[in-house]
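Enquirer: Handing you a structure now.
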């Protein structure tokens, strides 16, 4: 096989394949937005009572399509001259996509709970600040703090999901819970939602493994490590949602299963090629290009190109899962739809 860095030069771009492969993000992001526009137009022509089905949240879904296109543009700009000053551009938008997906899933069953914009983007700002700190300094103290924040944040989210959005980290709430636990200790150790508890314990176990691995490894590529955490937790939340649907007797339509199968088939190799690493922002652009793998497809695309293409396909199919997996509830009253 030929070395991609020697066959993909085009004009002033010496890493053209890594730039060109980002077209997949642009095309599939635009296609998803066109799908949303068509679906919304069909809904306008045939309006449905607001008392039935899951709220569509087209704004969030449109944000996912636009965010995917932004990832493509910023990833292409990074590969023009990969270095530690611009590597976080596209990575930051991947963080945004992961967070918006999780917020969208949560709001599907909690339409009365609106995500506060300042809180959501505040979380993203903290993530990016931690990445910058890890890139500039890092060290044992950073990784200890990062691990504590990771596990504490996931614990809070787990409690919120378990108590169906009713949990608040406030003094009055904690004092009331302590009084009830002291008055009826047996009730405090008996789970109200056994299935939900088991699924959340599995997710917490996965995050403990990831957190301890990160603390032990202390990977200098903190941006990639955080992206892996967000992607894995997004996939875990989608799995949780699907399992809870099935346990509550809800059956996605056949085309939603097709999207889900395609997304799974795309995510597995995409994540494999992502961790294989054929670029390195921490080195000079020239040294980063020296890491380019041999061409694997059409004597043009290497492992990182395949990450671009497969992750774009996986995101597109995952978005379609979010769009369609509750279509079977269109004729069900919202008051009869399970909350989880």
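Yeah, the Cβs are placed from backbone N, Cα and C, and that goes for glycine too.
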Enquirer: Under TrEMBL, which of the candidate ranges 177-196, 197-216 is annotated transmembrane segment?
Expert: 197-216
Enquirer: Looking at the ranges 254-275, 276-297, which is given as transmembrane segment in TrEMBL?
Expert: 254-275
Enquirer: Select the range from 55-75, 118-136, 222-242, 306-325 that forms the most Cβ-Cβ pairs under 8 Å with the transmembrane segment (197-216).
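Expert: If we count Cβ pairs closer than 8 Å to the transmembrane segment (197-216), 222-242 scores highest.
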Enquirer: Are there residues at least six beyond either end of the transmembrane segment (254-275) with Cβ under 8 Å to its Cβ atoms? List them, or say none.
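Expert: Same-chain contacts beyond the ends: 224, 228, 231, 235, 242, 303-304, 306-307, 310-311, 313-314, 317-318, 320-321, 324-325, 327.
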